[in-house]
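Student: Dropping the structure in here first, questions after.
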Amino acid sequence: MAYVSVESDDRFEEGQEGLQFRSFLGDQSVPTQQNGGGSQATSRGPTGFWTVEYYQPFFDVDTKTVLKRCYTTLLPTSSSYLSTHLTPAADLYGPFWTLTTLIFALFLSSSLASSISAYLSDANDPVDYNFSLLSIAVSLVYAYGLAVPVLLWLALRYLGVGEWSVVEAIAVWGYGQFIWIPVSILCVIPVPILRWVLVGIAFGLSGYFLVANVYPILASAETKAVRLMVIIVALLHAGLAISFKVLFFSYYIVKEVGPTDPLPTDPVGRL
Amino acid sequence: MDHEITASTPLTSTSQFIQADDDDIDEDDIPAFTHPSIQTASPSPDKGKARASEQLAPPFGSVPTVSGSIGSTSGAGAKSSRQTVGGVQVETRYTGVDTLDEPTSKTLTRDLLSIYSKLVQVLYPRRSGSAREVLRDWDLWGPLILCLLLAILLSTNAPPSQSLGVFTSVIVIVSVGSLVVTVQAKLLGGRVSFFQGLCALGYCVAPLNIAALVATFVRIIWVRAPVALAAWAWCIWASVNFFDGSKIERQRILLAVYPLLLFYFILAWMILIQ
């Protein structure tokens, strides 16, 4: 590939074959007419948002970094997450794969719980697992983990509040859901009180992480009313916790109480 | 559909030029050579333009003026080219072979042989250099067949009310999963060609097909679980072999492999819980 360095005088000349290659390597060519002020020494050239190169800066992480960002969301000292851990830039790998792993963990634990409960129950009907739960999990988790931060960021931009980028918002929400993965694995155990306790712990930890990290952004607004948006964040998170519990963690062992009924009715009671 | 080879391709950081191998052109593949058995064979209906005149008189002396490239599945002398259409890089393949004049069985056997050889290469890779070139001629027929096979196997074992849901989920998971893993590897800085990645990941689903077949007939959990886990490990090993050549940095290699683990594990789990 030949690079022809074009100088300002050559602007209206046709050049060799009527083609002028403009090099974007800052050290090789003289900055040309329009880009005279704007050419950077390390420019990549104009890339659109549809190219892979546009998104590469958001995936510039190593394994250790991603793991560290994941488990530090569990610590109570995580209120300065944005400044201490998401440096120099937030990434998109962690949030996306945490959410995807969460979906699969919910599906796994739910199906495992249903088989174990059916196995240990007295009524030995063959259990068919409800596959629609997988698509419900996908929509629920992605809607909460991706759409809510984007909407919040848009709302804050509209109000002129906050200096964070949409990638940081997605990162906070995505990494914050990490606690649900071990909790959903543990919720296979079919003891009701244990499941409620686990869901409560997960809700508490992740809710605290979200609120502690979002509140400083909201607090930088002039009007006090914007701080009330943190209540919306907490309410949405509570809704998520309850829907997880009801949809995925509710397969229980059904044991017969009392002597068996001599009349041949089916479980619903119709003859 | 005719493709044209562009004279120049934009050199980007992620492009990888595939060398064309011209060493398997035999006499039959030279354009304008009329195959002697043309009068008995019917023109293959799914390859290229319909030439009705072929049925009326055997074209003994006629020379096809257009040597078009038909389909992207022929292996002999195939070249891959990249063009930029509206800012988006697309890959096309030009076979360089006129396949309209040969009998359908010959075309099909060539395609089936190519699928088989790629399958063997992915599942049991040999270290010799010529064997690895097989994957350069990517095709998407093999992944399609394997994906459909897996979806059919799993959906026939599902309860009737859910069999359509299972079928859809498997196809969506396999296709979207391969897409996402390939794009992820590119984003992490790996040098992997897009369609080659799709092709290799699609072929790597083959061990799970074997596990699904076994799971159709065997109901004992103590047999199905180890078989499914072994198939999962085999898939991972086959796809990591492929990504080894993509030059991802060492401290990120787990980041690139983890989506594969997830993707194949969810398929193995769906096989297990039938």
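Glycine residues also receive a Cβ, built from the backbone N, Cα and C atoms like all the rest.
Okay, so TrEMBL annotates it like this:
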- B:1-18: compositional bias 'Polar residues' (COMPBIAS)
- B:20-30: compositional bias 'Acidic residues' (COMPBIAS)
- B:62-81: compositional bias 'Low complexity' (COMPBIAS)
- B:122-270: domain 'Yip1' (DOMAIN)
- B:1-87: region 'Disordered' (REGION)
- B:140-158: transmembrane segment (TRANSMEM)
- B:164-183: transmembrane segment (TRANSMEM)
- B:195-215: transmembrane segment (TRANSMEM)
- B:221-243: transmembrane segment (TRANSMEM)
- B:255-273: transmembrane segment (TRANSMEM)
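Are these features on the surface or tucked inside, and what are their neighbours?
Tutor: The average pLDDT computed over the domain 'Yip1' (B:122-270) stands at 85.
Long-range contacts of the transmembrane segment (B:255-273) within the same chain, counting only residues at least 6 positions beyond its ends with a Cβ under 8 Å from a Cβ of the stretch, are 150, 154, 166, 169-170, 173-174, 177-178, 180-181, 184-185, 188, 190, 201, 204-205, 208, 211-212, 215, 224-225, 228-229, 231-232, 235-236, 239-240, 243, 248.
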Student: So how many of the residues in the domain 'Yip1' (B:122-270) end up helix, strand or coil by DSSP?
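Tutor: Residue counts in helix, strand and coil order: 121 helix, 0 strand, 28 coil.
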Student: With the transmembrane segment (B:140-158) as the reference, which stretch in B:164-183, B:195-215, B:221-243 has the largest tally of C-beta pairs below 8 Å?
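Tutor: Looking only at B:164-183, B:195-215, B:221-243, the most contacts with the transmembrane segment (B:140-158) come from B:195-215.
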